[in-house]
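*Asks:* Below you'll find the structure I mean.
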Amino acid sequence: MDLTAPLADTIAAIATAVVPEQGSIGIVRLSGSRALAIAQAIFTPARRNAVWESHRLLYGWIHDEKGRRLDEALAVWMQAPRSYTREDVVELHCHGGIMVVQATLQQCLRQGARLAQPGEFSLRAFLNGRIDLTQAESVADLVAARSPQAAQMALAGLQGKLGQSIRALRQELLGLLAEIEARLDFEEDLPPLDVPAWQARLQDIQAQMQALLATAERGQLLRTGVKVAIVGRPNVGKSSLLNAWSGQDRAIVTDLPGTTRDVVESQLVVRGIPVQLLDTAGIRATDDPVERLGVERSQRLAQTADVLVLVIDAQAGWTEADAAIYASIRHRPLILVINKTDLAPADKIRLPPEIAYRVPAVAAQGQGIPELEEALEQLVTQGRPQPNLEVSLNQRQAAALRQAQASLEQVVQAMQAQLPLDFWTIDLRGALHALGQITGEEISEAVLDQIFSRFCIGK
């Protein structure tokens with residue numbers, strides 16, 4: 001994102017998703033000092049004496065510069081500072097066809113608006129003090145959320161709960177810094193620093209930081225999810241497992257080996273974790289060129305998945321083909337599903353002892369899915385109890401908080417070494433700077449560019 005783009009420009013963009021499956025409504029958004037003038041140039045209210053009032057919808061028509069009508073629409077003006085960007089904002093609510101929405105946007109540009117860059121509306125909201133940086137990042141997280149838990153976590157961030165926690169820590173550190181600096185400036189007028197009490201407050205701040213850091217791993221998991229590939233030799237029930245797990249008939253199931261020749265994908269949520277579930281072609285040697293391509297693709301996919309689910313047939317037991325597949329993936333996070341246990345018991349099969357996660361199943365009947373989901377959660381969380389998150393740190397925020405922690409550890413070492421108070425202030429300021437990077441009070445243009453460039457246009 002180009003942060004040198006003039007903030008005085010009035011910007012415009014399509015604010016709703018542009019997808020092949022057209023929605024019923026499409027919104028074009030304007031922000032800037034000329035937003036209202038541009039809207040008035042291309043939108044005529046149906047009622048002749050209608051007055052543009054802030055936060056009131058107007059019904060009318062969008063037209064081109066020659067007065068030719070383009071769409072029947074609604075318009076709403078949000079007068080600064082009572083808008084998302086704290087600038088004048090106008091939204092034009094059109095019918096959802098892409099041609100209509102694009103034509104409306106083009107009229108805005110012809111009247112002098114500049115096409116907004118990705119994230120520029122949210123950047124202006126941040127620069128104008130409407131939101132802090134944690135809230136801006138939560139906007140992107142809310143748009144990208146793939147599970148109810150991720151959406152709730154992003155919403156809490158958007159409401160400012162993470163920013164409030166960070167600012168509270170900052171205020172406490174500022175209080176500690178003020179006590180030291182007062183004694184540096186007015187040493188003769190103040191009693192000596194109560195070091196044990198001061199240190200206890202510092203330890204409390206460190207504990208609060210650690211509690212926030214504990215949310216980062218789970219938060220990242222809820223945001224990004226995991227890719228799970230179902231692998232195994234042909235006809236062991238991989239497609240039946242995908243269908244049972246996803247609750248949909250996504251894959252063709254037959255008694256013929258080699259039916260699945262391409263990767264079949266399904267999206268689901270497992271205990272709050274977004275999962276991209278992939279059913280792959282059965283891995284075996286084959287003379288069929290089409291099936292061989294599917295096998296090769298399955299092998300490549302197995303190397304990129306976060307978790308592999310290896311399916312075997314309880315009737316056949318642990319075969320040489322199973323052992324060969326396992327040998328190629330044994331270094332990866334793995335769950336073994338022993339399928340068709342209604343036909344043969346799983347406990348009679350001799351399996352490699354190092355496979356920790358084993359799930360008996362009858363995929364065709366949907367049996368074993370809860371146990372499989374429990375194994376997946378245990379595997380990706382490494383068995384650690386997972387907090388019920390209200391807010392969580394993303395990777396950037398966690399890195400900054402670790403930097404703040406490291407600075408406070410330097411303060412502790414300075415205290416233990418009985419260094420002068422001046423040395424304490426250096427690292428306290430370092431911790432304050434790191435916390436300011438989280439909320440955006442102290443942030444570089446390069447970091448802002450990195451953050452807002454991942455937004456979609458119109459946000």
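The backbone N, Cα and C atoms fix where each Cβ goes, glycine too.
Heads up, here are the entries from Swiss-Prot:
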- R29, E91, R130, K459: (6S)-5-formyl-5,6,7,8-tetrahydrofolate binding site (BINDING)
- 225-381: domain 'TrmE-type G' (DOMAIN)
- 235-240, 254-260, 279-282: GTP binding site (BINDING)
- N235, T254, L256, T259: K(+) binding site (BINDING)
- S239, T260: Mg(2+) binding site (BINDING)
*Asks:* Which residue among the binding-site residues R29, R130, K238, K459 has the fewest other Cβ atoms within 10 Å of its Cβ, if you could check?
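*Replies:* Sparsest of the binding-site residues R29, R130, K238, K459 by Cβ contacts within 10 Å: R130.
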*Asks:* Within a 10 Å radius of its Cβ, which of these binding-site residues (N235, S239) has the fewest neighbouring Cβ atoms?
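*Replies:* It is N235 that, of the binding-site residues N235, S239, has the fewest other Cβ atoms within 10 Å.
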*Asks:* Validating a neighbour-count step here. Other CB atoms within 10 A of the CB of E91 ((6S)-5-formyl-5,6,7,8-tetrahydrofolate binding site): how many?
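*Replies:* Taking all protein chains shown, E91 ((6S)-5-formyl-5,6,7,8-tetrahydrofolate binding site) has 20 Cβ neighbours within 10 Å.
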*Asks:* Provide, as an integer number of angstrom, the distance between the C-alpha atoms of R130 ((6S)-5-formyl-5,6,7,8-tetrahydrofolate binding site) and K238 (GTP binding site).
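*Replies:* Approximately 51 Å lies between the Cα of R130 ((6S)-5-formyl-5,6,7,8-tetrahydrofolate binding site) and that of K238 (GTP binding site).
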*Asks:* Cα-Cα separation of E91 ((6S)-5-formyl-5,6,7,8-tetrahydrofolate binding site) and K238 (GTP binding site), in Å?
*Replies:* 49
*Asks:* Specify the secondary structure state of N235 (GTP binding site) as given by DSSP, simplified to three classes.
*Replies:* coil
*Asks:* Cα-Cα, whole number of Å: S239 (Mg(2+) binding site) versus K459 ((6S)-5-formyl-5,6,7,8-tetrahydrofolate binding site)?
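*Replies:* Their Cα atoms are separated by 39 Å.
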*Asks:* What is the separation, in Å, between the Cα atoms of K459 ((6S)-5-formyl-5,6,7,8-tetrahydrofolate binding site) and K238 (GTP binding site)?
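*Replies:* Between the Cα atoms of K459 ((6S)-5-formyl-5,6,7,8-tetrahydrofolate binding site) and K238 (GTP binding site), the distance comes to 41 Å.
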